[in-house]
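K.L.:
As annotated in TrEMBL:
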type	residues	note
REGION	1-55	region 'Disordered'
COMPBIAS	29-40	compositional bias 'Polar residues'
TRANSMEM	65-86	transmembrane segment
DOMAIN	65-537	domain 'Amino acid permease/ SLC12A'
TRANSMEM	92-112	transmembrane segment
TRANSMEM	139-158	transmembrane segment
TRANSMEM	188-208	transmembrane segment
TRANSMEM	220-238	transmembrane segment
TRANSMEM	268-288	transmembrane segment
TRANSMEM	309-329	transmembrane segment
TRANSMEM	349-377	transmembrane segment
TRANSMEM	409-429	transmembrane segment
TRANSMEM	435-461	transmembrane segment
TRANSMEM	481-499	transmembrane segment
TRANSMEM	519-536	transmembrane segment
Amino acid sequence: MATYNHNGRDGTYGDSNYRSGDTEKTPYEYQQTHSVSSPVTDAGKLSDPNDRHHSLQRGLSARQVSMIAIGGAIGTGLIIGTGTALKNAGPASILISYSIVGLIVYVVMAALGEMATWMPAAGGFVPYATRYGKIWEPAYAGMVDPALGFAVGYTYWFKYIITTPNQLTAGALVIQYWCPPERVNPGVFIAIFLVAIIVFNYLGIRFFGELEFWLSSIKVLTILGLIILMIILAAGGGPNHEATGFRYWHNPGAFAEYLAKGSLGKFLAVWSTMVTAVFAFLGTELIGVTVGEAQNPRRNVPRAIKLTFWRIVIFYIVSVFLLGLNVAYNDPLLTGATKKSNSAAASPFVVAIQIAGIKGLPGFLNACILIFVFSAANSDLYIASRTIHGLALKGQAPRFLATTDMRGVPVYGLALSALVCCIAFLNISTSSKLVFGYFVNLVSIFGLLSWITILVSHIYFVRARKAQGVPKSELRYTSPFGMWGSAIALFFCCLIALTKNFTVFIPSASYGKFDYKNFITGYLGIPLMIAGWKLVKRTKGVTPLTADLYTGKDIIDADEQEWLAREAAEKASGRGPNVVYRHTLGYLF
């Protein structure tokens, strides 16, 4: 297969000066011998067939990748978090904000898909930030800097070693619906869940992928069931036979006032739900972490990306729209639910069920929420272990963390991430809950920063491939929004990131005129990490002409040829993909 070097000519990969002769200064993944003549073995099975001891296994099938893509985005943020958004802002506000953020998410996923199909590397989207991402610095204006990859890698890892114990704690709170803490200490359930997710992650990617496929399927069926139920209740099919229609859009109204009166209050209501919507959608980038272990990623990843749009419309936009038809934003039951813990009692959908007079469903929905939380904890630990593995491959973490076993599991990265997750036991002590709460607030910005990084990386990836003469025909998938779509989405992501904690500037009786604690924990982190890596390693900027587009691409090309040969053999034997399924249930599952 013809390839392009940095000067646009057929031949070797990349610039001859890119590889440093000093291996101590060259990231680990670039020390491997990847060239046209490399003896590529086990193509289609390992993320790097030339290095079995540090390679992940490509064990995720097309259906697993597709389901994990949407399963990572469906969580308690949708089924519980929408209640607070509805109470503060009203039905029209949440419909507007979730629609706008849904479009931003699709732009982010399309940008990620373009880079992931060109180079589906281990470590998720972090390697793209290292190769193409930019940190603004006058000395390197218009250039890229590997410090961005280091910064987003560690902040992303830090996010998931905090959110995993947070999910474990949420699971223990859900259990209290059946078993109060006076009977069994919540720490027992935290320990059980932690051991379970460690075992499931240790058993390998094939087991993990199959488990997440079925857990995500339950999530999808739960949301579909709630959508159908909300339609029936809005049409008057509930026990009270009361058709609400758009009643609550007229009384008490489509827009609530938040923190101020009049138009300003309504604007603040919409903007506050923009922030809520962002954190409800966080997790969609999980597919970027799976590309290093996906079978035939150049076919399966673009398909999952394309389906993301329809799933966002069905699972998020339709859900919040129907919720606004069934529950008034000033309903006392909704106000009470927003003060509850992470059980079914906190869900606005349960409030709609209670208003309609249906009994028995809250217990069932609580069991579904427990599955949501367990699946989130399981996938969060997976992300953490793969992220630290990717950092170790680039020489930005201790080398032993890149080691994988015969199942392709980064065992040391998994062990380190699981060990940190033991901080979940802090929540057992009342005095420690406050400290843990600050940790959660600290990492809440990191998920949004991951979207910003993906968009920045895509913008500079497009600049690099144009500068190096790589035509669009060489790419298996390109973002339909292009570089300018990513730039617009980047603007909104940065705006939301800067204003997500705007309430700290509004006086309150609990903290006075300025909530400095939440201000510090809400914005601290990323600047220190970027500055630290640049000061220690003295990283230099990389121009679009010298950005590395090709190291390891021969491995991916060989992998793709192997999968194309397998598909041709299956089609010839009549065992090709089920076309009817792909164009019906395949859009959801």
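Each residue, glycine too, has its Cβ placed from N, Cα and C.
Bear in mind that TrEMBL entries carry predicted annotations, made automatically and left uncurated.
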K.L.:
With pairs 6 or more apart in sequence, are the transmembrane segment (481-499) and the transmembrane segment (268-288) linked by at least 3 Cβ pairs under 8 Å?
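P.N.:
When sequence-distant Cβ pairs are counted, the transmembrane segment (268-288) touches the transmembrane segment (481-499), since at least 3 lie under 8 Å.
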K.L.:
Cβ under 8 Å to the transmembrane segment (65-86), counting only same-chain residues 6 or more beyond its ends: which ones?
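P.N.:
Cβ under 8 Å, 6 or more out: 93-94, 97, 105, 170, 209, 212-213, 215-217, 219-220, 222-223, 226, 272-273, 276-277, 279-287, 290, 294-295, 300-301, 303-305, 307-308, 311-312, 315-316, 319-320, 323-324, 327, 329, 334, 337-338, 342, 346-349, 351, 368-369, 372-373, 375-376, 379, 586, 589.
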K.L.:
Given the cut-off of 8 Å on Cβ pairs that are 6 or more apart in sequence, determine whether the transmembrane segment (409-429) and the transmembrane segment (268-288) share at least 3 such pairs.
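P.N.:
Stretch pair does not touch.
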K.L.:
Check the transmembrane segment (220-238) against each of 188-208, 309-329, 349-377 and return whichever range has the most CB pairs under 8 Å.
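P.N.:
Out of the listed stretches, 309-329 contacts the transmembrane segment (220-238) most.
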K.L.:
Which one, 92-112, 268-288, 309-329, 349-377, has the most C-beta pairs under 8 Å toward the transmembrane segment (188-208)?
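P.N.:
Comparing 92-112, 268-288, 309-329, 349-377 against the transmembrane segment (188-208), the winner is 349-377.
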K.L.:
Within the domain 'Amino acid permease/ SLC12A' (65-537), what mean pLDDT does the predicted structure show?
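P.N.:
PLDDT averaged over the stretch: 82.
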K.L.:
For the transmembrane segment (92-112), what are the same-chain contacts with Cβ under 8 Å, counting residues 6+ beyond its ends?
P.N.:
73, 82, 85-86, 125, 249, 254-256, 266, 269-271, 273-274, 276-278, 280-281, 284-285, 287-288, 305, 308-309, 312-313, 316-317, 320-321, 323-324, 451, 454-455, 457-458, 479-481, 485-486, 488-489, 492-493
K.L.:
Which sequence-distant residues neighbour the transmembrane segment (268-288)? Criterion: at least 6 residues beyond either end, Cβ under 8 Å.
P.N.:
65, 68-69, 72-73, 75, 77-78, 81-82, 84-85, 88-90, 93-94, 96-98, 100-102, 105, 108-109, 112, 116, 124-125, 255-260, 301, 304-305, 308, 312, 316, 376, 379, 383, 444, 447-448, 450-451, 454, 496, 499-500, 502-503
